[in-house]
Amino acid sequence: MRSAQVYRWQIPMDAGVVLRDRRLKTRDGLYVCLRDGEREGWGEISPLPGFSQETWEEAQTALLTWVNDWLQGNEGLPEMPSVAFGASCALAELTGILPEAADYRAAPLCTGDPDDLVLRLADMPGEKIAKVKVGLYEAVRDGMVVNLLLEAIPDLHLRLDANRAWTPLKAQQFAKYVNPDYRARIAFLEEPCKTRDDSRAFARETGIAIAWDESLREADFTFEAEEGVRAVVIKPTLTGSLDKVREQVAAAHALGLTAVISSSIESSLGLTQLARIAAWLTPGTLPGLDTLHLMQAQQIRPWPGSALPCLKREELERLL
């Protein structure tokens, strides 16, 4: 016997969270809980403002329609990426496809303070990997901060994310301030320039490896082994169903590229599922999931070790 519940939620964010030039005051989303007999599965649907094609309201309409279809015995998935991902996660839990084992390590997001980063990395087992957002300030400043971190911590590898912020000139200004001897310890720089061709040229000219992120969601993108391209960053909430995520990971691995499962600022429930997906599909690769500290609360399932309060399902608004 099938049954389902849908919950709507809103989590206050820390004051300093800015996405694409807009401040994110709250993180809004939905949960779906599917039941079939004794089995249960949860999924999170939380379109990311400025990045997702669909709004929260559109996702809610699509989710409620899909849930009603599922209750009638239909097995298809919605088209909207965030809804397809959340629904497929709930189904994967329900059927036991999604393993319980999780990779709760996360590459810490660094603000540029090497002392703070040394402390955060001290307890990290294995490789010392951190992530730095670049492109928010002057390119020269970014280059100096990255150089300082790599100089201060000799076994550090950095993942950098520019979100296509730079012109070719700005990208070169950044590289100029990173010691060529340290550049090999930049694991990758996500989408440095506004166009893929400019990003490819940057990688060739500087020896700094790049990764594709936004490109994966463009219609003309194809997976290829290219000089200077080392990784792809996969954000499941923006990608679509779990099957589509698996296909992208497999395509990357077949070409020798690193595939990194990355957060779209999901709630703790969604993040714990991403940690399980990372352990399952990209074992041995540190996922990019260090976003919970941007929020003021957890929900339903807590992240191990987090001191944030965790709301129970009874405290959420139920729609179905």
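Cβ atoms are placed via backbone N, Cα and C, with glycine included.
For the Mg(2+) site, Swiss-Prot lists Asp161, Glu190; matching the candidates Asp116, Asp123, Asp213, Asp220 against that entry yields Asp213. Residue environment of Lys235 (active site, proton acceptor) contains 25 other Cβ atoms, counted within 10 Å of its Cβ in all protein chains.
Fewest other C-beta atoms within 10 Å: among the binding-site residues Asp161, Glu190, that description fits Asp161. Between the C-alpha atoms of Lys133 (active site, proton donor) and Asp161 (Mg(2+) binding site), the distance comes to 5 Å. Within 10 Å of Lys235 (active site, proton acceptor), judged by CA to CA distance, lie the following binding-site residues from the set Asp161, Glu190, Asp213: Asp213. Classification of Lys235 (active site, proton acceptor) by DSSP places it in coil, neither helical nor stranded. Neighbour counts of Cβ atoms within 10 Å were compared across the recorded positions Lys133, Asp213; the minimum falls on Lys133.
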